[in-house]
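See below for the structure under consideration.
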Amino acid sequence: MLAASLRVEAVAVVAAAVLVLLLSPAAVVVVAGQHDYGDALHKSILFFEGQRSGRLPPDQRLRWRRDSGLHDGAAASVDLTGGYYDAGDNVKFGFPMAFTATLMSWGLIDFGRSFGPHKEEARKAVRWATDYLMKATAKPNTVYVQVGDAFRDHSCWERPEDMDTPRTVYKVDPSHPGSDVAAETAAALAAGSIVFRDADPAYSKRLLDRAIAVFEFADKYRGPYSSSLHDAVCPCYCDFSGYKDELLWGAAWLHKASRRREYREYIKKNEVVLGASESINEFGWDNKHAGINVLISKEVLMGKDEYFQSFRVNADNFMCSLLPGISNHPQIQYSPGGLLFKVGGSNMQHVTSLSFLLLAYSNYLSHAGARVSCGAGGSASPTQLRRVAKRQVDYILGDNPLRMSYMVGYGARFPRRIHHRGSSLPSVAAHPARIGCKGGAAYYASAAPNPNLLVGAVVGGPSDATDAFPDARAVFQQSEPTTYINAPLMGLLAYFSAHPNPAEWADD
């Protein structure tokens, strides 16, 4: 399990050499390879099969996994089987799972045609999450937000198929509010309803109807789930940014999914009180501000809602903070090798989520024939945004000082000792006997590569500004994969698999 996302604002202004590295397709400090983005896309989706909880389907492709968590929810007399383990542990955390579902869906919504033959695989990955979220919200005014005792789970190193730690169930309700996790769940269901609108209209309607009800609950009973369930969800997934950003985020997705005027009015009415003016260069399972601004800006750029012009201004400011040398905006830091970098663990979660916003916004700008305004005469074209996003994807796939891919199973060199229980322990097929809580300690401490490849998993990656990476299980901040690293990466890989050559991008 990852420690909570560290929200540290970048303060370093990147040198001119890094600007060249990021914006020029030819001038990079590593040898750029010809990447098979389609293969990487396929593998990034396959990763989610390794994170599945519940009864696995006949078409399960990662065969070293088996059924697990078949009695989840029984402690509360509800069915909470299914869903995803968030990372390398065996707990189901609803907050990051919902964000994962939202971002997978956003990728399909914006870049669906680019998924090509992998579109159905991606929809299945979304549905594994939304099916679970429907179970977790089946009781009115209640959202079941976690299954498993994180502290007990983290004291063990055992396969999900063997886990014997308490499967404690945690929920938010009117007496124990959790507007943040509930509104994110509503966003996930609303986004999912768009994904399945044509493929399964009946399911799409059920998702949207539930999203509406869950958002109403989130808004009516306000409060952070970190207060209601502090001992259960902290420090793993405390919501440090508060719940106001999730309420705006949920309303934005419900407006996009339903086109109901009430959600537009909600955003308009609550823009100030819920902090929409906060232009923060962060986006992830905890903080939604940058995502809100990009998502709502599409309405402005498409000429559908000029009232929300302030969101576009915020989105432009955010983009300028990612483009070194373009403006005087406070800048995100980049490593010497060109990796977008934030201090703390699991840096790749920032890399993939911020890169996704760069790509999504670049497409909105292209369709509107617009540019990013950075003030004082500075501006950036959509192509510049795409180049930065592509540079980050290429770094992940191997164009970096270590010449290694940070995606398991992609390329000749990739992490072999990832911090992941199921991957690091012998499979049930290879070792049918149960491995108990402490029985996995020897495997955890072993210097041997993991016996089971969690294909497609992207690890946390370099966590300092030196591009260094110790391929070690114990350094979980760098070696642990998460669902919310891969979720935004799917859309990025889909786009670049269909549009790999910057020279062929439309001139902006």
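Every residue gets a Cβ built from N, Cα and C, even glycine.
Residues annotated as signal peptide in Swiss-Prot: 1-33.
For Asp89 (active site, nucleophile), the count of additional Cβ atoms within 10 Å of its Cβ stands at 26 [all protein chains shown]. Feature annotation from Swiss-Prot assigns active site, nucleophile to Asp89; the stated evidence is sequence analysis.
The active site annotation in Swiss-Prot covers His419 (among others), and the record cites sequence analysis as its basis. When secondary structure is read from DSSP and collapsed to three states, His419 (active site) falls in the coil class.
If you look up Swiss-Prot, you'll see Asp471 (among others) marked as active site, on the strength of sequence analysis. A 10 Å cutoff on Cβ-Cβ distances gives Asp471 (active site) a total of 18 other Cβ atoms nearby, all chains included.
Glu480 (active site) falls outside any helix or strand according to DSSP and counts as coil. As annotated by Swiss-Prot, active site applies to Glu480 (among others), with the evidence given as sequence analysis.
Cα spacing between Asp471 (active site) and His419 (active site): 9 Å, rounded to the nearest whole number. Asp89 (active site, nucleophile) carries neither a helix nor a strand DSSP state and counts as coil. Distance noted between the C-alpha atoms of His419 (active site) and Glu480 (active site) is 5 Å.
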